[in-house]
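Before I ask anything, let me first share the structure, which is written out below as C-alpha cells.
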Amino acid sequence: MADFLPSRSVLSVCFPGCLLTSGEAEQQRKSKEIDKCLSREKTYVKRLVKILLLGAGESGKSTFLKQMRIIHGQDFDQRAREEFRPTIYSNVIKGMRVLVDAREKLHIPWGDNSNQQHGDKMMSFDTRAPMAAQGMVETRVFLQYLPAIRALWADSGIQNAYDRRREFQLGESVKYFLDNLDKLGEPDYIPSQQDILLARRPTKGIHEYDFEIKNVPFKMVDVGGQRSERKRWFECFDSVTSILFLVSSSEFDQVLMEDRLTNRLTESLNIFETIVNNRVFSNVSIILFLNKTDLLEEKVQIVSIKDYFLEFEGDPHCLRDVQKFLVECFRNKRRDQQQKPLYHHFTTAINTENIRLVFRDVKDTILHDNLKQLMLQ
C-alpha cells in the first residue's frame with residue numbers, strides 16, 4: 001500500500017503550500033499583507049492631491065489652513081478652542097505694548113496723562129518669561145493687565161497711534177481683540193471660531209493637514225513664510241500637485257518686519273518670481289490668492305498705491321483698478337508667458353464662506369489639471 005503513496009516531493013509540487021511549516025505559512029501571509037499595503041499606498045499616492053501653501057510671512061497661509069479644517073475637517077472642539085486662549089491673550093498684550101511704544105516714538109500726547117502709569121505697566125511686562133517667550137500668556141496674568149489695557153485702548157493718544165499703524169508693525173487682528181475685551185475678560189472665556197481664525201502665531205517648521213473630498217485624498221502643507229523659514233520650503237517640493245501662493249494684497253504701503261526696509265508687496269513679487277519660473281514646477285498648477293480683500297478695500301479709500309508703485313495707472317482709490325494692477329504685477333513675473341495659465345482669486349481668509357466658495361473652484365481646477373497630467377503619464 002505504501003508503494004502507491006506519492007513522495008513528499010511530488011506532494012509539494014502538486015500542492016504547494018500544503019506542507020508549509022507554520023513559520024513559512026506565517027511568513028507568506030505577512031508577505032501578501034505587505035504587498036497589499038504597498039499596492040494600496042501606491043494607489044493612494046497616485047490619487048493624492050498635495051497642495052503647497054507658499055507666500056511671505058503674514059499673508060494668511062495658516063488662517064487658510066484653519067479654514068480647511070473648519071470646512072473639510074472636524075472643526076475645533078472645545079479643547080482645541082481652549083488651546084488658543086493663551087495665544088489670543090499674548091496677541092492682545094503684545095499689540096498694546098506696540099501701541100504704547102509707538103505713541104511715545106511718534107510724540108503723540110496722552111488723552112489722559114494718568115494713563116502714563118498704565119503704559120509703564122504694559123512696558124514692564126516680562127516678554128522673556130517662559131510662556132510669554134513662546135507667544136502665550138496665562139489667564140491669571142492676562143487678567144492682571146486687563147484694567148490697564150482697557151484704559152489705554154480708550155485713550156485718544158493710543159487711538160491716534162493706531163490710526164498711524166502703517167508707520168510701524170502691528171498685527172491686523174489687534175483691533176478686533178481690543179474691541180472685545182469684555183468677552184476676553186470673562187472667567188469662562190472660550191475662543192470662538194472667528195477668534196481662532198484671527199489668532200496669530202508665527203508658523204515654525206512644516207504643518208500638514210490631511211482631508212478627503214468625495215473620496216479624493218488631499219494633503220495641504222503650510223510652511224513658515226518669514227525669511228528664516230523659507231529654507232524649509234525645498235523639503236516640501238516632492239510630488240506637489242498644486243501651489244497656492246498667498247499675497248497680502250493690502251500691504252502695498254508696508255515694510256517687512258524682518259528688515260523694516262523692503263516693501264511687503266515687492267517681497268511677495270520677488271518670491272513669486274522665483275517660484276513661478278522654477279523648472280521643478282513646470283507641470284504644477286500655480287494659483288494666486290490675493291488675500292485680505294477686506295483690508296485692501298478699506299486701505300484704497302485713504303492710501304494711494306501710486307505713492308509706492310509709480311507705474312500704477314488708473315484710479316488709486318478704485319478697488320477694481322488696484323486689483324487689476326496687482327494681478328498684472330504678478331503675471332509679468334512669468335518669463336514664459338506661454339506656460340500654463342495663472343489662475344487667481346481675490347480672497348478674505350478670515351471669511352469662511354468666501355474660502356468655501358473659492359476653494360470649491362480651486363479644487364475643480366486642481367483636479368482637472370491633475371487628471372490631464374495622469375493621462376499624459
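Heads up, the Cβ atoms here are built off N, Cα and C, so glycines get one too.
Given the structure is predicted, the values throughout are model-derived calculations rather than measurements.
So Swiss-Prot has the following annotated:
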- 58-63, S173, 197-200, 291-294, A349: GTP binding site (BINDING)
- S62, T203: Mg(2+) binding site (BINDING)
- 47-377: domain 'G-alpha' (DOMAIN)
- C14: S-palmitoyl cysteine (LIPID)
- C18: S-palmitoyl cysteine (LIPID)
- T203: phosphothreonine (MOD_RES)
- 50-63: region 'G1 motif' (REGION)
- 195-203: region 'G2 motif' (REGION)
- 218-227: region 'G3 motif' (REGION)
- 287-294: region 'G4 motif' (REGION)
- 347-352: region 'G5 motif' (REGION)
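Tell me about the surroundings of these features in the structure.
Following the DSSP three-state reduction, the secondary structure of E58 (GTP binding site) is coil.
The DSSP secondary structure for T203 (Mg(2+) binding site) is coil.
Mean pLDDT for the domain 'G-alpha' (47-377) in the predicted structure: 90.
Below 8 angstroms of C-beta separation, residues 172, 197, 200-203, 207, 218-227, 229, 233, 236-237, 239-248, 251, 256-258, 264, 267-268, 271, 275, 289, 291-292, 347, 349-350, 366 of the same chain, each at least six residues beyond the ends of the region 'G1 motif' (50-63), sit close to that stretch.
Helix, strand and coil residue tallies for the region 'G4 motif' (287-294), in that order: 2 helix, 5 strand, 1 coil [DSSP].
Nonlocal intrachain contacts for the region 'G5 motif' (347-352), taken as residues 6+ away from its ends with a CB within less than 8 angstroms of a stretch CB, comprise 60, 63-64, 67, 70-71, 193-194, 197-198, 246, 289-294, 358.
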Sort out the residues at least 6 away from either end of the region 'G2 motif' (195-203), same chain, that have Cβ-Cβ distances under 8 Å to it, and list them.
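Result: 57-58, 61-63, 66-67, 76, 81, 84, 87-88, 90-91, 135, 171-173, 176-177, 222-226, 229, 349-350, 352.
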For L198 (GTP binding site), which DSSP three-state class applies?
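Where L198 (GTP binding site) sits, the three-state DSSP reduction gives helix.
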Taking just the CA atoms, what is the gap between S62 (GTP binding site) and T203 (Mg(2+) binding site) in Å?
7
Kindly report the helix/strand/coil residue split of the region 'G5 motif' (347-352) according to DSSP, in that order.
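Helix, strand, coil within the region 'G5 motif' (347-352): 1 helix, 0 strand, 5 coil.
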